[in-house]
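Database features (Swiss-Prot):
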| type | residues | note |
| --- | --- | --- |
| DISULFID | Cys37-Cys62 | disulfide bond |
| DISULFID | Cys47-Cys67 | disulfide bond |
| DISULFID | Cys51-Cys69 | disulfide bond |
| DOMAIN | 24-73 | domain 'LCN-type CS-alpha/beta' |
| SIGNAL | 1-22 | signal peptide |
Amino acid sequence: MKTLNFCLFLVIISSLTVRVFCLNDRFLTVNDNYVICLYINKSFVNCENLCKAYMNAKDGFCRQPHCFCTDVE
């Protein structure tokens, strides 16, 4: 029983820590708008400025380690 509980504990912890939206840069559609998901494996990245400067997007938000650029033209 202890082994089963330990295995269940490991599965729950791994499912919480391994959530990844995208491993590579890819386009997504959210409410009929194109959104690009950038994989940025660095801390302290300003996603809003990155999206506006390099992706010609109107806005961007961060969900580490990803930047989501919205309204990409």
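Backbone N, Cα and C atoms are what each Cβ position is placed from, and that goes for glycine too.
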Across the domain 'LCN-type CS-alpha/beta' (24-73), what does the pLDDT come to on average, as a whole number?
66
Across all the protein chains here, work out how many other Cβ atoms are within 10 Å of the Cβ of Cys69 (disulfide bond).
25
Ranking the disulfide-bonded residues Cys47, Cys51, Cys62, Cys67 by other Cβ atoms within 10 Å, which is at the bottom?
Cys62
